[in-house]
Every structure is written in structure tokens, then in C-alpha cells.
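Enquirer: Take a look at this one; I'll ask things after.
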Amino acid sequence: MRTTPINKLLSDYGPFVLLVLLILTLWELVVRLNFIPSFILPAPTAIWMALLKHRKLLFGQHLLATLQEVLLGFILSVTCGTLLGIGMHMFRPLQKALYPFLIISQTIPLIALSPIFIMWFGYTLWSKVAVVFLTAFFPIVVATYDGLHKSDRAYEELLLTMGASRWQVLRTLGLPLALPSFFSGLKLSIVYCVIGATIGEWLGGSKGLGYYSRRMAGSMQSDEMFAAVFLLSALGIVLFLGIALLEKITFKKRGSYR
């Protein structure tokens, strides 16, 4: 029997969609039957109504502000992280010197660093971008370095004995073989970017979905707060799927999609 695109979609995503609908239905019933007070956990329909009611403010101002912080931090982290990962692969003393500092940077809670960034950059866009950058930088460096480090040593030695330079080996062998690991790092990093932007806005923002959710939580407007949380989740999912689509296109063009 021939599989149609619709049947494939149902097979791939049908169970997930059914589970989501079941969870939303149970959630709605639990709140409407007063098992949980609505000010603690609003019903999905109430969240949806709050989203529609404040759509101009949420989409026109706060979502755009958060997206700007996420994309700027992501671009900076990918650029710097990729270059550092390549540098650590090419120059082992650099890897031995910097890798411990990268590990140390991940042991410091972001919530403790945010006030420092506010002191340096003020209550500006760049204090939030700095938090996003620090959140997303580490996965990119590790993914790039690990992907290059796991390339086939035998092929590297063969190319070197044939007269290829280390940079030629990197371009023709190392980087293509590192792509799967690199894209895994990108997908992880873009989700971390949304988390970092939210933390930055919570601690020192005047706009953005994180700031909006904090303000609504302070005034006990749970419907609006959950609407902002829903948008943050949706933003992370959309950006993740965008990277996954880019990965699929890249590997299809190379004829090696996994």
C-alpha cells in the first residue's frame, strides 16, 4: 500500500497531537471543576483568551524584543563559538588553556551574572544579549570541537602525506564530518538562547516576554502570565524547528541526510 504524505504526517505526529489534546482536555476539566484554583493554574481557554486580548502588545512589542535578543545572542555565540572550536582543534595548547575556563564558566549561575552585565551595559539590549551569549556559547564550542576531534585520523594522515595543508584537511574533511555534531549544538543552543533572554528580561528588562511574565506574576494576573510563557515555549519550538529544517536541507544537498 502506497504511503501518502497525509498518512505519513498522521503516522509521525498523530500520537503527539492526540497526547497534547488529551492533556489540554484534562487540564481544562481540572480547572473548571475547581480541583485547582484558576489563579494558580488558569484553564487553557483562559490563557488563549488572554493571548487574543493582548495580542498587539504581546506580538507587536514583547515578542519582537525577545526575538531580537535571542537572534543577536545566537549569531554572536555561533560566530565566536565556531571560531573558538576550530581554533581549539587546530592548536592543542589553546584547547588545553581555554577548555577549563569554558567548564568554569558553566558552573556560575546565570542569575548571579545578570546583575554584573546590567552594571556593565545598563538596562539596555546588550545586557540581555550578554546573558543569551553566555548561555548559548558553550554548546557551540563543544559541538564544533567534538565534531572536528572525532574526524577520521587515518584519512587526515593520508591527506597530509599527499601534501595537503592542515587548513585544506580541515576544509575538505574535518568541517563536513563535523556537521552532524555542529547542528546538534545549534539546536541545543537556540533553545538555550530563549532561556537566556527570559532570565535577562526577568532581572533587568523593560520589555520582552520575560519582563511581561514577571510583571503579570507580580500583579497575580495568571492568565496573562501563562500567555507569555506559552509564547516563549512556542518561540523556542519554532526556532528549533527552523534549525532542524536547515539541517535537513544541508544534508539533502550533500546527499547524506541522516
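Here the Cβ of each residue, glycine as well, is placed from N, Cα and C on the backbone.
Not measured: the values here are computed from a predicted model.
Relevant sequence annotations retrieved from TrEMBL are reproduced here:
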{"type": "TRANSMEM", "residues": "13-30", "note": "transmembrane segment"}
{"type": "TRANSMEM", "residues": "35-51", "note": "transmembrane segment"}
{"type": "DOMAIN", "residues": "63-247", "note": "domain 'ABC transmembrane type-1'"}
{"type": "TRANSMEM", "residues": "71-91", "note": "transmembrane segment"}
{"type": "TRANSMEM", "residues": "98-123", "note": "transmembrane segment"}
{"type": "TRANSMEM", "residues": "129-148", "note": "transmembrane segment"}
{"type": "TRANSMEM", "residues": "169-199", "note": "transmembrane segment"}
{"type": "TRANSMEM", "residues": "225-246", "note": "transmembrane segment"}
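Burial and contacts for the listed features, if you can.
Expert: Packing against the transmembrane segment (71-91) from elsewhere in the chain are residues 98-99, 125, 128-133, 135-145, 147-149, 166, 170, 174, 182, 185-186, 189-190, 193, 196-197: each is 6 or more residues past its ends and has a CB under 8 Å from a CB in it.
Long-range contacts of the transmembrane segment (98-123) within the same chain, counting only residues at least 6 positions beyond its ends with a Cβ under 8 Å from a Cβ of the stretch, are 84, 88, 130-131, 134-135, 138, 141-142, 196, 199-200, 203-206.
Sequence-distant neighbours of the transmembrane segment (129-148) (same chain, 6+ residues past either end, Cβ-Cβ under 8 Å): 69-70, 72-74, 76-78, 80-82, 84-86, 88-89, 95, 102, 105-106, 110, 113-114, 117, 120-121, 170, 174-175, 177-182, 184-186, 188-190, 192-193, 195-197, 199-200.
Sequence-distant contacts of the transmembrane segment (225-246) (same chain, six or more residues past either end, CB-CB distance under 8 Å): 42, 47, 50-51, 54, 58, 62-63, 66-67, 70, 183, 186-187, 190-191, 193-195, 198, 209-210, 212-213, 216-217.
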Enquirer: So if I exclude everything within five residues of the ends of the transmembrane segment (35-51), which remaining residues of that chain have a CB under 8 angstroms from its CBs? That is, six or more out.
Expert: 24, 27-28, 58, 220, 222-224, 226-227, 230-231
Enquirer: Cβ under 8 Å to the transmembrane segment (13-30), counting only same-chain residues 6 or more beyond its ends: which ones?
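Expert: For the transmembrane segment (13-30), the sequence-distant neighbours (Cβ-Cβ under 8 Å, at least 6 residues beyond its ends) are 36, 41, 43-45.
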